[in-house]
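Listed in Swiss-Prot for this protein:
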SIGNAL    1-35  signal peptide
BINDING   Gly236, Thr237, Ala238, His329, Asn334, Pro335, Arg336, Arg347  heme b binding site
Amino acid sequence: MQYEDKNGVNEPSRRRLLKGIGALALAGSCPVAHAQKTQSAPGTLSPVARNEKQPFYGEHQAGILTPQQAAMMLVAFDVLASDKADLERLFRLLTQRFAFLTQGGAAPETPNPRLPPLDSGILGGYIAPDNLTITLSVGHSLFDERFGLAPQMPKKLQKMTRFPNDSLDAALCHGDVLLQICANTQDTVIHALRDIIKHTPDLLSVRWKREGFISDHAARSKGKETPINLLGFKDGTANPDSQNDKLMQKVVWVTADQQEPAWTIGGSYQAVRLIQFRVEFWDRTPLKEQQTIFGRDKQTGAPLGMQHEHDVPDYASDPEGKGIALDSHIRLANPRTAESESSLMLRRGYSYSLGVTNSGQLDMGLLFVCYQHDLEKGFLTVQKRLNGEALEEYVKPIGGGYFFALPGVKDANDYLGSALLRV
């Protein structure tokens with residue numbers, strides 16, 4: 001069911017404003033309430049935070065360089081479109097929904113109560129932008145024979161295959177398209193997903209879904225504080241500076257000199273890995289061994305033998321690995337050689353917690369997400385270096401896939417994937 005919406009943020013309705021004025025009047029009659037009226041209730045965001053928004057139009061999609069929000073969801077879909085025209089309809093529709101949801105506005109009213117409501121209603125009558133980003137990526141399978149797109153497939157895009165330590169569940173792998181939905185709060189993420197599914201019943205079918213989180217204080221630091229994963233270590237310390245445009249052109253974005261299809265310029269290769277942690281086993285492992293495995297101090301995040309989280313380890317002066325073990329995670333992931341400079345990538349991972357496994361173990365771990373201009377030089381090269389690392393005893397990749405994050409939407413007349421479908 002279609003309806004018209006506005007991309008700009010609308011003010012709450014008159015009724016809601018009057019209700020708010022009435023509540024303030026009651027609060028003013030109570031000295032304690034009056035003294036605390038500028039504070040947000042525990043566990044809630046301030047009105048300013050709820051109205052934070054990221055720009056939707058631009059050369060690149062939001063949600064890649066955007067400082068990590070507190071809540072995240074990965075949703076892979078199978079595309080039900082029957083031909084290229086249907087696929088264009090899907091991408092245009094997704095663009096319209098993303099534009100509205102990320103900028104906020106009044107929830108649509110349902111003209112006929114005998115019909116299903118036009119909105120789920122879980123955010124109330126006003127849909128605050130809440131720092132929402134929705135990033136659309138396409139998988140290897142979208143370039144099969146259905147839509148005639150095979151000649152336009154990104155050169156390095158491929159189906160994810162098993163690494164030695166993987167225990168992949170087919171139900172948690174791959175997808176024609178992937179949505180990365182992030183916001184300040186989980187309810188905004190869920191609302192966005194339900195809106196998208198409601199508008200695409202004949203075009204998309206959910207393949208798998210996982211929800212993630214980082215701490216509120218890490219999210220509110222706008223990238224200045226490194227999130228801590230569920231093994232208790234800082235996750236993403238060695239990330240390249242996402243505010244350095246020149247560096248991001250080198251590390252994250254596909255550029256014109258890469259001999260890729262022209263439509264891919266401004267996009268990025270995305271690797272997704274759903275990694276289960278053996279947290280009970282980890283929690284019984286001595287601290288010294290944990291730190292040796294990672295190569296970092298658990299509390300400060302500093303490389304072993306150093307003082308601060310962002311101190312750069314000097315492996316050349318420690319060739320035998322007496323300070324930082326040769327098979328430590330940080331040393332294998334980034335040996336800091338001239339050759340390893342080409343395998344830099346931007347990580348954007350989140351923790352997850354799902355309950356218990358069939359064996360009665362806690363089901364929690366990491367939703368690993370990274371972006372790079374070249375999948376083979378980036379994630380695949382790094383993962384090959386990590387094969388056999390000591391950390392493998394405590395982690396088990398169970399799903400994910402490789403995708404290509406589409407370039408951004410130029411303006412209101414453009415749509416996601418337009419350059420791909422116009423070829």
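From the backbone N, Cα and C atoms, a Cβ is placed for every residue, glycine too.
Shown here: features listed in Swiss-Prot, placed on the structure.
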residue: Gly236; record: heme b binding site; contacts (Cβ under 8 Å, 6+ apart): Thr226, Pro227, Arg347, Arg348, Gly349
residue: Thr237; record: heme b binding site; contacts (Cβ under 8 Å, 6+ apart): Thr226, Arg296, Gly301, Glu309, His310
residue: Ala238; record: heme b binding site; contacts (Cβ under 8 Å, 6+ apart): Ile330, Ala333, Asn334
residue: His329; record: heme b binding site; contacts (Cβ under 8 Å, 6+ apart): Ile293, Phe294, Gly295, Leu386, Glu389, Ala390, Leu391
residue: Pro335; record: heme b binding site; contacts (Cβ under 8 Å, 6+ apart): Tyr315, Arg385
residue: Arg336; record: heme b binding site; contacts (Cβ under 8 Å, 6+ apart): Val312, Pro313, Tyr315
For this session: With heme b as the bound species and Gly236, Thr237, Ala238, His329, Asn334, Pro335, Arg336, Arg347 as its recorded binding residues, calculate the greatest Cα-Cα distance and give it in Å as a whole number.
Result: 17
Exercise. Just how many other Cβ atoms lie inside 10 Å of the Cβ on Asn334 (heme b binding site)?
Worked result: 18
Seminar exercise, completed: Arg347 (heme b binding site) has its Cβ surrounded, within 10 angstroms, by a count of other Cβ atoms equal to 20
Exercise. DSSP on Thr237 (heme b binding site), three-state: which is it?
Worked result: coil
